[in-house]
Every structure is written in structure tokens, then in C-alpha cells.
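Over in TrEMBL, the protein carries these features:
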COMPBIAS  537-563  compositional bias 'Basic and acidic residues'
DOMAIN    45-133  domain 'PPIase FKBP-type'
DOMAIN    157-245  domain 'PPIase FKBP-type'
DOMAIN    269-357  domain 'PPIase FKBP-type'
DOMAIN    381-468  domain 'PPIase FKBP-type'
DOMAIN    479-514  domain 'EF-hand'
DOMAIN    524-559  domain 'EF-hand'
REGION    533-563  region 'Disordered'
SIGNAL    1-17  signal peptide
Amino acid sequence: MSLLCLVLALSLLGVRGLGDPGPLEDVVIDRYYIPKVCLREVQMGDFVRYHYNGTFQDGTKFDSSYDRGATVAGVAGVGRLITGMDRGLQGMCVNERRHLIVPPHLGYGSIGVAGLIPPDTTLYFDVILLDIWNKEDKLQITTVSKPQRCNRTVENSDFVRYHYNGTLLDGTPFDSSYGKDSTYDTYVGSGWLIKGMDEGLLGMCAGEKRQIVIPPFLAYGEKGYGTVIPPQASLVFDVLLVDLHNPKDGISLEHLEVPASCKRKAVTGDFVRYHYNGTLMDGTLFDSSYSRNHTYDTYIGKGYIIPGMDQGLQGVCIGERRRVIIPPHLAYGETGAGNKIPGSAVLIFDVHVIDFHNPADPVEIQTIHRPADCNVTTQDRDFVRYHYNCSLLDGTKLFSSHDYESPQEATLGTNKIIEGLNNGLLNMCVGEKRSVIVPPHLGHGESGARGVPGSAVLYFELELLHREPGVPEGYLFVWHSDLPENLFEAMDLNKDGEVPPEEFSEFIKAQISEGKGRLMPGPDPEKVVNDMFQNQDRNKDGKITAEELKLKSDEDQVKHEEL
């Protein structure tokens, strides 16, 4: 028998001499290292892979698989090995080490191996078992951990992203995705993976960990793979499934919290303000609006955001919380985004909708209480005094007149308050209560204001406390009755031909007290009277003369004739 036949057919592991044992009837086995965990022992018909050193009694080496740099593989107990090795391998565990002493009649007998093993020679083998499998073996799958929440599992044609450590059955590592700092990304059931991995990934949840033991005939078989996976090697993969999707997938929605009252749902063209946490399927956070303490504000259905989010925000209610699961072809695709979103990643957004509006929205007014004797209502130019509470639509309180010593005051239609609030105060009766929703284009716009976020919809609770009728635009005083025949003479109380501020003020106040006219309403009537005087004191000498005094109606007529 040639040395090659010895190597391939004997499948031996040599041992150093243990001294002369004398004539032997059977193999002497010394199990000098037994692993703590032994899941399986060699039985007749098993395929084994091992290393060995073979020596004579004096320690002379006659053969070694180590010297050839390749393990020996063969079937145990079916006569393909010398009888002594067949018996010596029985019951071995992977990674077990044995010293075997094989007597001549269980080795090469009285013939020996020409030029290598003399006749009637006792053989010593030092053997380590590296692999064991049987053609009847099936894939071995052990679930190491599994998330409590598992809405979907891997099926054929799914695209998966997973991390793995790959070892031989004896624990020798041959590959790892962790060292590449990237998941392994592939389709399942499409022939892109070894058959055992194709099968071993089926039924996994995102976040699940499995150990998959693959026999050689479901792995790389007789050829092995390069220098790292020997022929006929069983493979062990410790797998963590990061995410999965199918190219046919659409978005998936989970309605986490929906307000009991939802009068309106978002549609294409609406502008939405929302908070979100964005994670990968394994829970890794890649972005959060909360960390910036600012909502994400955008139009939906117009392509300003990824398609999956455009779809996922359709139909939301104000205050709703929903989870949007977006496959990569509706997110950032194969290239990913930045260094936080890998290529082909499924994205999960937990969204809280703060508010939304449409640029065409008017002010929304709801009457809470209206007095029965409501005959006179507010108009532009009226002076009003009112209480208000202002909040965002999610209930966040912004401002309240109750926090101050006195109610809020304003002259309507003078651009002193935001347009939406002005509209909300029109046509109110004293004592009336309203709720008013003001869209941002009638509020503080995209830039917001101190304490008011940009593009925020505002909610007001209003109560009208007081109303004073206004005066036409541009007027500070209007007459209720006919004017004195000679206005200047009536105003010149001491008849000295000029009217100083004191006389002017006394005259105007007398007209008001007698019901002959009224000032433009406001919190400071003295200022209004002073403004009137300043308008008439045209040369700014501190007094009004007959030539300077003109009614506004006369001034307007002159301007009209000039035009």
C-alpha cells in the first residue's frame, strides 16, 4: 500500500510512544483530553475529519497530516480505515484528543507498508477529532434569543441583512461580518447562499439570534472553500438578523394612539409638524427630532420627504402616534444615507403628530357660549378687552391673559394682533366665549415668534369682556351731532385768538361728556387727545390758530379735489 493510500484510507492520527505495552489483543485508547461539552460521539458510518501524528514505539514519525497541511477525512467503521483506527475513533467527541496504540494485527499486519511501515509493527497515533457528520444529518438550528415582538419572519425571496460569526465545528473561525463592519446582505431562497444558510434563515425575526450548524453536503461539500474551509467541513454560523423586507413590500402602519376625536385627517398638500424617533429594525437609533427639541415640518405628498414617509403620514390625526415601517426601496435604497443608515435598511419611525394645516385653511371658529341678548357685535376699528388662553394643538400652553394683572386690549383691524386672532374676535358679543384655531399663515408664519414654534397652528380660548365702538380709519375723533357753527371760536375758550393744549383738551373732553362726539377708543385717551392737538398744531409752536385748524373731512376733500 502506498503512502497516499495510507493517508487517504487510514485517516490516522499518530501518537508518541507510550513504552512497550507488550503483545496486544486490541487497541489501547488514552483519552487524554475530553471537552466539557460533547454533543455527539462518533458512531459507525459517521464521516469524520481529523488531524494526526503517526509514530513508531521509538518515537520515529512515519506520517503526519499536519506536515501535509490538510486534515484527513473518511467514514468510520465501514472498513475504509485500518481496523485499529476504526476502533480508536469510535465514541470520540469533536476536539477530543486521544493516544492510540494499534497492534500489528489491527494495523498493517505481517505485510506492513513497503518503505514506510515494517511488518509486524505496533503503531502509535496522536489524534484530534475536528468534525463529525452523517449523510442522514439535517440542519441543526438553535434559537439563542428571540424578541418578544415578532410581527414577521423570513420567507423565501425576502432580502435580509444579518451579522454572523462563522466557525468550523471545532471552533476554528473562518469568517465574520463583524470584522468587515458591515452586515451580510442578500436574498433568501434565490441560490445566492449555501443551501444550509438559505434554510437556516427561514422563520427568523428581526433581532433574533440563532446558531445554525450546517453539514458539508448543505455547505461547500467535497471542494471546501479556498484555504479557510476544508473539504467536507461542517460549518457553524452564529447569526443575528438585523432586518428583512421583500421587494414587493409597501409601508406598514401601526396605530399606537389615535385621539378619540379626529375631525380632520391629513391629506396631500397639508403641512405637518411632527416629532419622531427613527430606528433600524434592530432598535439602533439613527435620528430623532426630540434630540433637536424641534419638530420636523414639511408638506406631505409632494416629494419633500422619502416616499415611505409621504405615504405613512397620509390620514394622520392631530395628536396621533403611529409607527411607520418603511422598506428600503421607499426609503434610502441600496446606498443608505450618511454613516447611520446602511444600504438596504428597513426604517422604523415612531411619529407623534403635533399639528397640520393647509395653506388654504381659514380661521376655524366655534362658539362655546353666546349671550341671549346679543344685538351688537364687534367690528374692525372697535376697541376690545378680552381674556384668552393660547396653546398648541397638542395642548402645550403658550400664553394666557389670566397670568397678567389685567385682560388683553386691542383695537381691531389695526394690525396690532395677528390676523387670525383679529378675525376670531370679529362679530363677537360682550360675554361671548369662543374657541379659535389659527393656521400659521394667519398667525406667526414659518418663522414663529418668541415662545411660538415656526409654522405652528394656534388654539385660542376667547372671552369678550368689553367693547367700545371704533372710529373710521384715519380718524381720532368723530362727531355725533352737528359741529359748532364756528369751531375755532368755540374751542378758543378765553377768546385770545389761539388755542393752547390745555384749552384744546378741555374742549374735546367737554364734547365727549355731553355726548356730542367720541375719541378713537383705546387704553390711553390722553394720548389720543394729544395726538389730535399735534395734528392741528401745524407749525409746531405749541398753539393752534384759526388758520391751522382743519377738519379731517375737509382735508380729505382737498386731497380728493387735488387728485
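Here, residue 1 is simply the first one shown, and the rest follow in order.
Cβ coordinates come from backbone N, Cα and C, glycine included.
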Take the domain 'EF-hand' (524-559) and average the pLDDT across it for me.
-> 83
Which residues, given as numbers and ranges, are at least 6 beyond the ends of the domain 'EF-hand' (479-514) yet have a Cβ under 8 Å from it?
-> 526, 529-530, 532-533, 536, 542-546, 549, 551
The domain 'PPIase FKBP-type' (269-357): DSSP-derived helix, strand, coil residue counts = 12 helix, 37 strand, 40 coil
